[in-house]
Amino acid sequence: MRHPLVMGNWKLNGSRHMVNELVANLRKELTGVAGCDVAIAPPEMYIDLAKRAAAGSHIMLGAQNVDLNLSGAFTGETSAEMLKDIGAQYIIIGHSERRTYHKESDELIAKKFAVLKEQGLTPVLCIGETEAENEAGKTEEVCARQIDTVLKTQGAAAFEGAVIAYEPVWAIGTGKSATPAQAQAVHKFIRDHIAKADAKIAEQVIIQYGGSVNASNAAELFAQPDIDGALVGGASLKADAFAVIVKAAEAAKQA
């Protein structure tokens, strides 16, 4: 039985005051929640502050990106060792905004995946198609290609304990969302694709949905058998909205 994971990606948002206030409110809103893992990924400079604010709670820490180098002359970068040292566990890689704005390739993202696994951290591998790819019927082709870059270099075993976040690019920050049936079909395809290499690992890998998840559509999404939680953007900046999503995941997977 897969344990759901709901993770908040704060993106480029935050201040010391906001971090303390949001985490304090999350702690209140999530009191008693045990059936869903919860993680937040603040901007890097606030990870330690968020960790202290979340101390003693079930809220886990993550980060929004990582460099593939562990140390050296790489100005402006943050290594997996540093993230591990500061207490981040769930590390987002391959987010569509990184792929688009920073031209990150599938090959680079696969290398980041390997570095995180070597450091004992949990990669949250974002995959998904653009609107043009979706309209051209290439959703499965794109998702398979993005997964295969890891499978072919590291094998199916690399996905043990890892997380995949399916984020249809056309649904991120647009208010659009795939229907629960559409999302389920892609999630099932992803799981079946990994199962070709290793059925046992495919069955246990967490596959989140990451396309404009909010309080109103969360319950219906999580009722789908292959949707194991969510990677949440805008709604993760509001404690009450984020808590509704977490509780919906908990309720759906206990049903």
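Each Cβ is built from the backbone N, Cα and C atoms, and glycine gets one as well.
Quantities reported herein were computed from a predicted structural model and do not represent experimental measurements.
According to Swiss-Prot, the protein has these features:
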- His95: active site, electrophile (ACT_SITE)
- Glu167: active site, proton acceptor (ACT_SITE)
- Asn9, Trp10, Lys11, Gly173, Ser212, Gly233, Gly234: substrate binding site (BINDING)
In whole Å, note down how far the CA of the residue listed as 'active site, proton acceptor' lies from the CA of Lys11 (substrate binding site).
15
Whole number in angstrom, please: the longest C-alpha to C-alpha distance across Asn9, Trp10, Lys11, Gly173, Ser212, Gly233, Gly234 for substrate.
14
Validating a neighbour-count step here. Other CB atoms within 10 A of the CB of His95 (active site, electrophile): how many?
28
Nonlocal residues around Ser212 (substrate binding site), in sequence order (Cβ under 8 Å, 6 or more apart):
Ala171, Ile172, Gly173, Thr174, Gly175, Lys176, Ser177, Gly233
Given the residue listed as 'active site, electrophile' and Gly234 (substrate binding site), what distance in Å do their CA atoms have, once rounded to a whole number?
15
Most isolated by CB count within 10 A, of the binding-site residues Gly173, Gly233, Gly234, is Gly173
Are there any residues at least 6 positions away along the chain from Asn9 (substrate binding site) with a Cβ closer than 8 Å to its Cβ? List them or say none.
Ala41, Gln64, Ile92, His95, Leu231, Val232, Gly233, Ser236
